[in-house]
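One structure is given here, and the rest of the page talks about it.
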Amino acid sequence: MAAHKLLLLPGDGIGPEVMGEVRRLLAFIEQKGLLSFEIEEDLVGGAAYDVHKVAISDGAMAKAHAADAILFGAVGGPQWDGVPYDARPEAGLLRLRKELMLFANLRPAICYPALAASSSLKPELVEGLDIMIVRELTGGVYFGEPKTITDLGNGQKRAIDTQVYDTYEIDRIARVAFDLARVRRNRVTSAEKRNVMKSGLLWNEVVTATHKDGFEDVTLDHMLADALGMQLVRAPKQFDVIVTDNLFGDLLSDVASMLTGSLGMLPSASLGAEDPVTGKRAAMYEPVHGSAPDIAGKGVANPLAMLASVAMALKYSLGRPDLADTLDKAISEVLADGLRTGDIYTDGATRVGTAEMGQAVVAKFETLLAA
Ligand code: NAD
Ligand code: IPM
Ligand code: MN
């Protein structure tokens, strides 16, 4: 069995804590002979800055380019607030996304039955929720130029960020959304603000044109992004696939996370284009949450978003959708057994830490594999 090349980038804060549970899971998968891995590790974020004075070194980038899949923890923290802007921890993540051309960010928001009571919404609004947010990840205001702060010399400064989208960028992310909808509930909602932004106007136009180019079997709706935010907390189950730009996707996925019980529950996959010859695509898997400085170092972080990100890697990069399903089921059953980290704790549940939760998932995964 050819070994899959994995790069582990634990990062900062709770990143290394949740990555510890990934190592446990990967070791189990190898020990069972299910897959074999060639695992590399490196620094990213503040941890990289402390050693190299950059948020990711060229050496780590080379490993990232060589990997079949990257597993990323989280970056950032108040201790790096004063570092130069280009070296801030988040810059490491942005460099990975841009240089590996990971334009398609899949953020599934699933409310596991056992967690309906942990959501901030009424259980009946979120029970059975299964949304896929498709966020454009390499364009928009995150990367548009100019991006500057200028001193106007009169005690005023001017900050400029630029939202830029080209037709091809919108077209390719729309195709990802339509393809995903076909294996789900066949519905795509596209979100922009065409009422105030030229990029919203183009977004709407291109998504409509791409839809006509062979995807008319999929139902397409357009919604203004602010209204979509409202609908997400009013009646979230109306959505199947949501496709939107980089910034709206960032905001809306954090909103969607609370429908599932916690930000600590949301995994993600960031994918590049498929190579037409080899069929390979660059891919990075990471939880949607950040480094959670408020709980870092205590061993209480929820590792489920990170472990569910490994499930996405099994499905999209490692050719084992069967193992991905089993791992997702293991997560669901551990929750059904009543195990909860602090972020999803409700009265009567069994409160566990990061390591106990990780252990329980691996044990359940083993039981399900044997069944
Ligand atoms: P955050 O996601 O780190 O935390 C928000 C809240 O959610 C906190 O109360 C935190 O304790 C809680 N939380 C998050 N993940 C959790 C988990 N797995 N288990 C339990 N609780 C969890 O967002 P923030 O506080 O706004 O940002 C902190 C830092 O993280 C910033 O530097 C930010 O830039 C960075 N960040 C990084 C990423 C990433 O690396 N992908 C994503 C978001 C934010
Ligand atoms: C995310 C994060 C990142 C983003 C930050 C850390 C750069 O919030 O992955 O959602 O804004 O994309
Ligand atoms: Mn975010």
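Even glycines carry a Cβ here, placed using N, Cα and C.
Between the candidates R135, R187, R194, TrEMBL assigns the substrate site shared with R97, R107, D226 to R135.
In three-state terms derived from DSSP, A296 (NAD(+) binding site) belongs to neither a helical nor a strand segment and is classed as coil. Sequence-distant contacts (6 or more apart, same chain, Cβ under 8 Å) of R135 (substrate binding site) comprise N105, R107, T244, D245, N246, F248, G249, D250, S253. In space, Y142 is the closest of the recorded positions R97, Y142, K193, D226, D254 to D81 (NAD(+) binding site), judged by Cα positions.
According to DSSP, K193 (site 'Important for catalysis') is assigned to coil rather than to any helix or strand. For ligand 1, there are no nearby binding-site residues; that is, of D81, R107, R135, A296, none has a C-beta under 6 Å from one of its atoms.
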